[in-house]
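K.L.:
Below, the features straight out of Swiss-Prot:
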type: COMPBIAS; residues: 1-18; note: compositional bias 'Basic residues'
type: REGION; residues: 1-21; note: region 'Disordered'
type: MOD_RES; residues: 2; note: N-acetylserine
type: MOD_RES; residues: 104; note: N5-methylglutamine
């Protein structure tokens, strides 16, 4: 007996479910919230991973468009106005967030065609 114990492998370093799935959003936290939220009696192992991926995709999409809106306005910081412009100018995001009011977002610039001044034809000589 050499006294080395059971010669098993060293315990592997813990790896989060988010990193296993290649996500930034917290899979463990979403799983906990799904369990505590009384949405269902049981929550499968894949559900929080899928939900985290969907939320991460939506956040990335909104931030991408808002960043473009900020750059168009020659600003380096995204403000609520940029989020509003990004969401309302995108057809699918606008449909998804149609019932959402963004504080300090303002409105989209829009002038009805009938209110615009009429173009007069100059007589050709």
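Note: Cβ is positioned from N, Cα and C throughout, glycine not excepted.
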K.L.:
Around residue 104 (N5-methylglutamine), which residues of its chain at least 6 apart sit with Cβ under 8 Å of its Cβ?
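P.N.:
Result: 79, 80, 81.
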K.L.:
Check the DSSP secondary structure of residue 104 (N5-methylglutamine), expressed as helix, strand or coil.
P.N.:
coil
